[in-house]
Structures are given as structure tokens and as C-alpha cells.
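Straight from TrEMBL, the features:
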type	residues	note
TRANSMEM	B:6-36	transmembrane segment
TRANSMEM	B:57-77	transmembrane segment
TRANSMEM	B:83-104	transmembrane segment
TRANSMEM	B:116-142	transmembrane segment
TRANSMEM	B:162-182	transmembrane segment
TRANSMEM	B:203-219	transmembrane segment
TRANSMEM	B:234-257	transmembrane segment
TRANSMEM	B:269-292	transmembrane segment
TRANSMEM	B:312-333	transmembrane segment
Amino acid sequence: MNDILIARSLFGTTMAFHIIFATIGVGLPMMILTAELLYQKTKDLEYVVMAKRWTKAFAVLLGVGIPTGTIAGTQLSLLWPGFMEVIGRVMPLPFQIEIYAFFIEALFMSIYVYAAERIAPWMRIASLILVALGALASAVLITNVHAFQGTPRGFRYENGQYLDIDPWAAFFNPSFLVTATHVAVSAYVVGAFVVASVSAFKMLKNDFGSRLYRFHQKALMISLVVGGLAAFGTAINGHEAAQYLHEYQPEKLAAAEGLFETQSHAPLAIGGFTDRETQTVKWGIEIPWALSFLAGNSFDTVVVGLNDFPEELWPPLFIHTLFNAMVGIGSLLILIAIFGLLWKKFFKKDRFPKWFLWTMVASGPLAVAAIEFGWIFACTGRQPWVIYRILSTAESATTATNLGVLFILFLGVYIILGIAVVFVLLYYFRKNTVLDDLQRAERKNVQLFSSNS
Amino acid sequence: MTDALIAITVLWGFVFIYAVMATMDFGAGFWSMIYFNRQKTRATDIANRYLSPTWEVTNTFIVALVVAVYSLFPTAAYTLGTILLVPGSMILLLLALRSAFLVFSNIATEYKKPLTYISGIAGILIPGLLISVLPITHGGFVEYGEGLTQLNLARLFTSENVYAFIGFAISSTLFLSSLLLADYSKVSDEMDAYYVYLRDAKISGPISLLMAFCIMLTLEREANWIYTRMMDDLPLLLISLGFFLISGLGLFVTNFFDKRIQGMPRLSVIAVTIQYFIASYVYGKAHLPYIIYPDVTIESAFTDPNSFRAVFITYIVGFAILFPGFIYFWSLFMHDKKYLRQKG
Ligand code: HDD
Ligand code: HEM
Ligand code: HEM
């Protein structure tokens with residue numbers, strides 16, 4: 001492997017690892033907040049217990065999310081110094097403002113966890129809202145840098161010089177809102193379905209009608225509502241994101257859809273693999289005219305194909321598969337949520353079929369996979385550019401060599417952390433059962449949130 | 001002041017705040033490991049009581065620091081990013097292990113001991129590596145080839161000056177943290193722990209002073225330019241030494257307010273903070289205008305003026321918004337007797 005490829009793999013691995021914890025770190029506070037609010041409304045202690053248990057999980061996940069994020073932020077400068085030099089000059093605001101979001105999240109997270117029993121209930125809710133807002137803001141702001149990479153604005157680039165710099169114009173670049181919304185709502189999808197996964201699994205393991213069964217069913221219903229709404233929002237907004245690609249990064253959309261010839265009434269290829277030799281999507285299902293309609297809301301829309309670009313500027317063609325996997329999972333999650341809610345609320349059935357609970361168990365990992373596919377699609381699909389049509393990845397990479405050893409070391413640490421975090425979560429929740437927590441909550445004057453054993 | 005000078009002052013402020021907070025943070029982790037088996041004195045509990053709510057906030061400062069470098073001095077960030085790849089990666093790896101295992105040790109109580117050891121040891125190495133960035137910016141270990149800038153690692157790790165810096169970082173981490181924990185124990189009414197930390201401060205204080213002298217001695221040979229410039233401010237350095245002695249005095253005298261107690265830790269903490277402030281001011285002033293000697297100066301590396309203005313405004317607005325949050329945080333964890341004196 002050459003050094004650039006190692007640098008890309010190293011950074012991609014860091015991001016792929018960080019994103020799991022970061023996304024859950026945005027999604028889970030929303031679930032905790034929902035549970036806290038439901039408690040204030042119903043005074044049902046089971047909701048407090050949910051909030052407490054999710055908070056513990058959140059605190060453990062932050063233990064990995066924060067250091068890996070710190071790695072990501074610093075590695076940007078270490079591996080892509082050319083890129084960060086430009087970002088520092090033109091687009092420093094998101095990173096700068098993100099620091100304040102981190103501070104808010106860190107301060108109020110500690111207050112919510114370590115001072116929960118000493119502060120007034122309204123202050124607890126306020127702290128939690130600030131944690132959720134802080135996490136959301138971190139995600140939105142970091143995504144803005146990514147948006148800028150696709151639709152750079154706020155400067156004039158001439159003879160290698162960056163002139164007439166306007167950092168606010170860079171900040172409000174065209175795809176900011178669409179992309180940030182997509183990342184935010186998709187994080188809520190992940191938070192909700194991760195909870196749903198665990199709840200469904202516990203429902204399968206406990207007797208129908210037992211106290212534990214009912215507790216987990218309650219949690220499952222919250223996540224179906226939150227997750228269903230968010231998944232629906234993700235799809236609507238994802239459609240808009242694709243239209244932005246049509247307008248601003250046509251070769252990415254062409255590669256995502258496996259379209260080679262520029263045409264109106266372009267067909268939509270679902271599934272399959274793009275074949276460079278025959279310029280077709282193999283084993284895919286083709287829906288005539290659909291792509292034109294999706295891209296521009298009319299069948300006459302001309303969609304640009306890959307052959308309009310020199311081949312060395314093509315993004316890798318496998319992003320078609322990644323894109324389809326993300327959209328496929330998104331559609332499946334919407335169906336799951338609709339089915340679950342209809343079954344319970346409309347048909348008033350009292351228990352879910354087993355196959356449905358097993359599908360729910362899969363939904364959390366699938367949602368995380370969708371996030372991974374989406375990001376790899378978005379970052380890899382931008383290649384060979386790190387800033388679209390301005391700065392190439394190769395130009396921005398570090399000149400240092402022998403990155404292989406570092407790659408192995410970082411990979412090793414991620415593996416250790418990944419195993420340890422799963423182990424710690426399992427250990428903790430096995431030692432502190434739901435019943436323990438319910439008892440603690442029912443007895444007054446016992447510390448629930450700061451209890452550890 | 002020129003914009004570049006304002007910018008470097010802001011950066012220097014971040015470095016100073018982070019240095020103080022990080023020594024507390026990494027030191028507390030180390031002490032909680034050392035006194036792990038001595039539950040009677042509760043020295044470990046005290047360290048953890050400080051550490052649990054604060055490590056995240058401290059960590060955010062390091063991110064703020066990195067972001068400040070590339071948004072204020074992007075050209076310097078380019079060179080620093082290139083030459084710091086190896087030491088920077090080592091810091092990141094240790095930091096990841098340290099933070100994660102610190103959190104895990106508070107959750108998986110049965111495995112607390114091995115987890116505390118991993119995070120304690122990783123944590124105490126980090127200040128040593130972090131400070132090695134300073135001698136690297138003195139320029140002696142940086143090589144310029146055809147379009148390539150590289151760090152000569154062999155020369156770096158055989159330099160006496162670098163080891164003096166590393167020794168200083170570790171000993172003053174122990175010194176500052178034991179001082180602060182002594183103060184924290186006293187406020188918490190844990191007198192056993194108080195005397196343990198007071199003793200630790202008496203040991204680590206003189207060692208860190210010795211290390212500071214070693215830095216100056218080796219600096220004269222290895223980076224003479226900064227040594228002579230620091231010596232221009234000899235009076236300030238002597239004043240800083242004076243504050244060090246005051247802080248030492250604070251460890252030994254009988255408490256002014258309560259004759260039964262030995263030591264006035266609050267006085268020592270304040271004096272030593274002033275001492276570090278003055279000393280790092282002298283160092284920072286001597287370092288100017290170079291960010292990396294002799295090629296990168298604050299003027300040549302400075303960002304675009306429009307960007308600077310925008311960033312500066314976010315600093316002001318951001319800190320105005322955050323300030324009440326910090327105060328509230330402080331009052332809950334540093335000031336609330338109910339939290340400090342809990343028996344759990
Ligand atoms: C739960 C996760 C999830 C789900 C279900 C979806 N997405 Fe997504 N998608 C992401 C998570 C995600 C992401 C990981 O958050 C990305 C990566 C970069 C970004 O901005 O968001 C993304 C990127 C992304 C992009 C690329 C933006 C760019 O390259 O700048 C498009 C066009 C879509 N998505 C479209 C969709 C559509 C039409 C969906 C239909 C259901 C969909 N996504 C579901
Ligand atoms: C969070 C989830 C993310 C994942 C999983 C991810 C994944 C990746 C991968 C796999 C690469 C290598 C691409 C290739 O070489 O083919 C990459 C590159 C890169 N990504 Fe992302 N990325 C993520 C988010 C971001 C964000 C939010 C930013 C903006 C700050 C970003 C900026 C970059 C940069 C600068 C590169 C290096 C240059 C390049 O290869 O284009 N990434 N990312
Ligand atoms: C879109 C993908 C991303 C999301 C949703 C996300 C979100 C988060 C969240 C929620 C946290 C925890 C914050 C806290 O509690 O303090 C975090 C930490 C962090 N993230 Fe990410 N992040 C993403 C990508 C990135 C990238 C690309 C970088 C690098 C530039 C990055 C840098 C960081 C840093 C430095 C931290 C640690 C902050 C601290 O020390 O408090 N993140 N991220």
C-alpha cells in the first residue's frame with residue numbers, strides 16, 4: 001500500500017469507529033429526554049429507571065466517543081495538513097463553535113450524572129436538554145465541514161491562492177442545511193433503534209406479561225414512535241440530499257446510481273453492482289424514468305452520466321452499492337415502525353409475533369450500518385477531491401512516510417476499546433438489573449443516578 | 001497589539017489553562033492509582049471525586065487548543081501537523097486508553113484495580129509527551145529536505161534538553177496535583193488524605209524545581225537563542241522563584257486560621273499558579289515571534305484577517321455564554337459541601 005492509501009485507511013477507520021459512538025451519543029440523549037419528560041407527565045417510575053439506565057450506557061459510550069473524537073480532530077491536522085491549512089484559513093467557524101457545543105455537553109453531562117440527586121427536577125431536565133442540544137450541535141457543525149467539502153463557498157481560488165475570504169459565506173454553504181438535517185435525524189434513527197434492539201431482545205428472553213416484559217415493551221414503544229418519525233424524516237430529507245447532488249456534484253449522483261450516459265427520462269437502478277467494462281448495473285432492478293423524476297421532480301430532467309467526465313475524476317463505482325444499502329435499510333426501518341405501531345395501537349394486539357421481535361433485534365445494528373454506509377458513500381464518493389474541484393486528496397496528504405506502523409497501532413487500540421466497551425456494558429447491566437433499579441427508585445432517599453453497584 | 005499578537009496571546013492563554021487543568025487531571029488519575037490499596041486514608045476517593053466530573057471538561061480544552069492552532073495560524077498548523085505525526089499519534093493513543101479506562105474503572109467496579117492502573121500509567125506519560133512539543137518548536141530537531149519537512153526522532157530522543165522537559169512535566173504534574181488535592185481534601189474535611197497529599201507535595205515540589213534548573217542548563221547548550229532571550233528577563237524569573245518559595249512555605253507553616261493544622265494549601269496553590277504564570281510568560285515572550293524556530297513566525301503563519309475577526313467574535317460570544325455554565329459547574333463540584341463531604 002502506498003502512503004496515501006494508508007493515510008486514507010487510517011482516517012477512514014478512525015471515523016468509522018468514532019461515528020458509532022458519536023451517532024449514538026446524539027441519538028441517546030433524545031431518548032433519555034423523552035423518558036424524563038414522560039416521567040414528569042405520568043409520574044411512572046419506570047421511565048426514570050429507563051432514563052437512568054440509558055444515561056449509564058451513554059456515559060460509558062462517551063468514554064470512547066470523546067477520545068476517538070479527539071483523535072479524529074487531531075488526525076485531521078496530522079494526516080491532512082494541506083486540507084486543514086485551507087480549512088483554518090477559510091472555514092474555521094464550525095470547528096470553533098463546535099468547541100462551545102462540546103463544553104456545554106461536557107459540563108451539563110457531568111451535572112446531570114454526578115449532581116442528579118442534588119439539583120431540582122426542572123434543573124435536571126434543563127441539564128438534559130442542554131446535553132441533547134450540545135450533542136446535536138456538535139454533529140451539525142462537524143457535518144458543516146463535510147458539507148463545505150462538497151459545496152465550497154466563501155472564497156476565490158486563483159493560482160493556488162485563496163482570496164476574498166468570507167468565513168460566514170463558507171459557513172452557510174449551499175448544502176449545509178440539507179446535510180446537517182440528514183445527519184441529525186439519522187442520528188435519532190440510530191438512537192431509537194439501538195434501544196429498540198435491546199428491548200426486543202429482552203422481551204424475547206422474559207416471560208410474556210412479567211414485570212420485565214412490560215418494562216421493555218414500554219421502552220420499545222417509545223423507540224418505535226421516535227425512530228419511526230425520525231426514519232420518515234430521514235427519507236424525505238435524503239431525497240432532498242440526492243437532489244442537491246444532482247445540482248452540485250453530478251458525478252457523485254451518477255456513480256451512486258450507476259448511470260453512464262447523460263439522458264432525460266433516466267431509469268433508476270435498484271440493487272446490483274456497477275460494472276465498469278459493460279457500463280451497466282448488473283443484477284439490478286431498473287425502474288424506467290424514476291431517476292429523472294427523483295432528481296428534478298419531472299421525467300424530463302436531464303441527469304448527467306459518468307461518461308461526461310474524464311475517467312480519472314470518477315468516484316469509485318462501488319458507492320452505488322453503499323447508497324442502495326443505506327436507502328434500503330432506511331425504507332425497512334420505516335416499514336418496521338409502521339408495522340409495530342399499527343399492530344399495537346390500531347389492531348390492539350397484546351403481543352408481537354416472534355419474527356417481528358427478531359427483526360427489531362436486527363434493527364439497531366442495521367441502523368448503525370446505514371450510518372457507516374452513508375458516510376463511506378459520502379466521503380469516498382467525493383474522491384479524488386478533498387475539497388470538491390479545489391483541492392485533491394493527494395495534495396492535502398501528509399508527506400510523512402511509514403504510516404503503516406501507526407495504522408496498526410491505532411487499529412489495535414480501537415479493537416481493545418471496542419471489546420472493552422462491550423464487556424463493560426454487559427458487566428454493568430448484568431450487575432444492575434432493571435429490578436434493582438426499580439427498587440432503588442421506589443425507595444425514597446436512595447441515590448439512583450449515582451449508584452454504581 | 002497587532003492581530004497576530006492578540007492571536008498568539010489567546011493561544012498562550014489556552015495553553016496555560018490547559019496546562020493547569022491537565023496536570024490536575026492526569027495527576028489525580030495517578031494518585032488514585034498509587035493510593036488504591038490504602039482505602040483507609042480515602043486519598044483515592046478524593047482524587048476520584050475530583051476526577052469523575054471534570055475529565056471531560058479538561059479534555060475539551062485540548063481540542064480547543066488544536067482547533068485554535070489551525071484556525072489562528074493555519075500555516076504553522078501545516079508544519080506542526082507534518083512534524084508532530086509520530087509524537088502526536090503517541091499522545092492520542094495514550095489519551096484514548098487513558099480516558100476510556102478511566103470511565104470503565106468507575107463502572108466495572110469489580111475490575112477497578114487493573115483499569116485504574118492502565119489509566120493511571122497512561123495518564124502520567126501523557127504530560128511528558130505533550131511537553132516535548134515545546135523543544136520540538138525550538139527547531140533543533142526539524143529537518144528540511146526537498147519540499148519535505150521531517151522530525152529527526154533519533155536526535156529528539158537522545159537530547160538531554162528533551163528529557164529535562166519530560167522530567168519537569170511529570171514532576172510538576174505530581175506537584176501541582178498533590179497541592180490541589182491537598183486543598184481539596186482539606187475543604188472536604190478528609191484530614192488523613194490531606195496529610196498524605198501534603199507530604200507528596202513536599203517531595204515533588206523540590207524535584208520539579210530541580211528539573212526546571214535542568215531545563216535551563218540544557219537549553220543553554222541546545223537552543224541558545226531562547227535561553228539568552230529568557231535570561232533577558234532574569235528579574236521576572238527571580239520573582240517567579242520567589243513565588244515558588246512562598247508556595248513551599250505554605251506547606252510547612254502552621255495554619256493561620258486553625259493552629260492545630262499544619263500547612264496553608266490554598267496559599268500554596270495560589271502562589272504556585274502565579275509562579276507558573278510568570279515563568280511561562282517569560283518563556284512565551286522569549287519564544288516570539290517564532291512558532292517554529294526559525295522558519296515559522298506568528299506573522300508568516302497568521303490566518304486571513306476576515307477569518308480572524310470572525311473567530312475572535314465567536315470566542316467572545318462563546319465564552320460569554322459558557323461562563324455561567326462554568327460557574328455553576330464549579331459551585332456544584334468544587335464548592336458544595338454536600339458533594340465534597342459525602343461519605344459514599
Ligand atoms: C440511519 C442512517 C441513514 C438512513 C436510514 C439514510 N441515510 Fe442517507 N446518509 C446518512 C445516514 C442515513 C449519513 C451517514 O448520515 C450521511 C453520510 C453523509 C451525510 O451527510 O449523511 C448520508 C448521506 C446521504 C447522501 C449523500 C450526501 C452527500 O454525499 O453529501 C444522500 C443523497 C442520502 N444520504 C440519501 C438518503 C436517502 C434517499 C435515504 C432514504 C431512506 C437515506 N439517505 C437514508
Ligand atoms: C463520521 C463518519 C465518517 C466516516 C465513516 C468517514 C469515512 C471516511 C473514509 C472511509 C475516508 C477515506 C475516503 C477514501 O479515501 O476513499 C474519509 C476521508 C475523509 N473524510 Fe470522511 N468520514 C466521516 C466523516 C467525515 C466528516 C464529518 C468530515 C469533515 C470534517 C470528513 C472529512 C474527511 C476528510 C478530510 C477525508 C480525507 C480526504 C479524503 O479522502 O477525501 N469525514 N472519510
Ligand atoms: C458526523 C459525524 C460526527 C458526529 C455525529 C459527531 C458527534 C460527536 C459527539 C456527540 C461527540 C461527544 C461530544 C462530547 O460529549 O463532548 C463527539 C466528540 C468529538 N468529536 Fe465527533 N462527531 C462526528 C465526526 C467528527 C469528526 C469528523 C471529527 C474531527 C474533525 C470529530 C471530532 C470530535 C472531537 C474532537 C470530539 C471530542 C470532544 C471533546 O473532547 O469533548 N467528530 N463527536
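Even glycines carry a Cβ here, placed using N, Cα and C.
What TrEMBL says about a protein is an automatic prediction, not a curated fact.
These numbers come from a predicted model, not from an experiment.
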- Query: In terms of Cβ proximity under 8 Å, which residues at least six beyond the ends of the transmembrane segment (B:116-142) contact it?
  - Reply: 22-23, 25-27, 29-30, 32-34, 36, 83-84, 87, 90-91, 94-95, 97-99, 101-102, 105, 149-152, 155-156, 159, 161-162, 165-170, 173-174, 222-223, 225-226, 287, 290-295
- Task: Rank B:57-77, B:162-182, B:312-333 by Cβ pairs under 8 Å to the transmembrane segment (B:83-104) and hand me the top one.
- Result: B:57-77
- Could you tell me what the rest of the chain brings near the transmembrane segment (B:57-77), counting residues at least six beyond its ends with Cβ under 8 Å? 7-8, 10-11, 14-15, 17-18, 21-22, 24-25, 95, 99, 291-292, 296, 298, 300-303, 307-308, 311, 329
- If one takes Cβ-Cβ under 8 Å and requires six or more residues beyond its ends, the residues near the transmembrane segment (B:162-182) are 20, 22-24, 26-28, 30-31, 43, 46-47, 50, 124, 127-132, 134-135, 156, 193-194, 197-198, 200-201, 204-205, 207-208, 211-212, 214-215, 217-219, 247, 263, 265, 268-269, 272, 276
